[in-house]
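Residues annotated as active site in TrEMBL: A:ASP7, A:GLU68, A:ASP141. TrEMBL lists A:ASP7, A:ASP141 with the feature Mg(2+) 1 binding site. The Mg(2+) 2 binding site feature in TrEMBL is assigned to A:GLU68. Residues or ranges marked as region 'Disordered' by TrEMBL: A:180-211.
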Number of protein chains: 2
Amino acid sequence: MRVLGVDPGLTRLGIAVVDGGLGRAVRAVAVDVIRTPADDELATRLLKVADGVEAWLDRHRPDVVAIERVFSQHNVRTAMGTAQAAGVVALAAARRDLPVMFHTPSEVKAAVTGSGRADKAQVTTMVTRLLRLTEAPKPADAADALALAICHLWRAPVRNRMAEAEARAAELAKAHRARLAEAAKSGGRRPAGGAAATPNSRAAGSRAVGS
Amino acid sequence: MRVLGVDPGLTRLGIAVVDGGLGRAVRAVAVDVIRTPADDELATRLLKVADGVEAWLDRHRPDVVAIERVFSQHNVRTAMGTAQAAGVVALAAARRDLPVMFHTPSEVKAAVTGSGRADKAQVTTMVTRLLRLTEAPKPADAADALALAICHLWRAPVRNRMAEAEARAAELAKAHRARLAEAAKSGGRRPAGGAAATPNSRAAGSRAVGS
């Protein structure tokens, strides 16, 4: 699977493509930073971000786009610009029917360093190590984009297994309710299925599939 | 001049087209609300907003796009979504080389009601009156989009006059500095131009043109 990772921003937007296959092996395909001048109009800056990202989508044809989710920042104006850059990236992906996933900074840090509170230097060190790069990616936005793509490759299977487990549990619960209804109709006898027909059946199903 | 006014949002985005000519007369051309389902993915919602706005740009061919500037809201997630919807609208305008202007909510309220702290009902009342509508536009987002377009039509000339005045003042100041330099070269005599060559010349120029 090929992931385009984006650390959004108007002044500097980190962008990276990482391939991941079986197991934990990841390979960096490309990494760079898209910059827009601070004295340009907002609309012009967003257009430059959009054009830059579309060029990457054309060149690298990723299967999925992973974007860092930004909740808040010290500076409200900066946070808005960052959110808008992220929105423009998500729009470009949606126009090509590519799935878009958001990961929080702490999810990204935890994925590559083991700690959600790791600092930038630690993230850069681990990204360099995991991707077996000969030198550390710079600036931090570029390293973050790589970390984000790795995070997506490693978290997506976990998320998918959880979603599958939830769907399976929901099915089991539905079948169980149907059996109960059937039993009620046929005279209030204890439904077939014994132990499965307990209030814990959903959780039990979830555990069985999710483990 | 034809203005497309947008009160950005993901759940409801107010959108309106208003024509303004000589004097203060304004005419509503169209007004509506673009909605996107809250349970859709963010990228899908942004795509729906973008497609909706592009359809309006195609149909109404405005000369300029005016967007409400949102600094902050109670809910950070809502604020981010609103900023992203605004960004997508700005991007659509920039793709067509249309100028994009942002106005704050208090500028909009002040333009149509005379007070930057007017409530929604007051804005709706004044929009209905100024545009001579037979009934009040609903919901509030639609009325806000109309108010925003009116605000732009009425503020743009003021802004342009101020920009012209500043440019003129800068020119005067430059000419003044050139005269001073010339005078210094020719032996430190008092420069020609008398009263104009005072520290107040820039402000005086600004007042003369801006009034």
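Please read every residue number as a count from 1 along the shown chain.
Glycine residues also receive a Cβ, built from the backbone N, Cα and C atoms like all the rest.
Remember, TrEMBL labels are computer predictions, not curated facts.
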Completion exercise
Rounded to a whole number of Å, the separation of the Cα atoms of A:GLU68 (active site) and A:ASP7 (active site) comes to 5
Completion exercise
Long-range Cβ list for A:ASP7 (active site), cut-off under 8 Å, min separation 6+ in sequence, same chain only, gives A:LEU13, A:GLY14, A:ILE15, A:GLU68, A:ASP141, A:ASP144, A:ALA145, A:LEU148
Practice task
Specify the secondary structure state of A:ASP7 (active site) as given by DSSP, simplified to three classes.
Solution key: strand
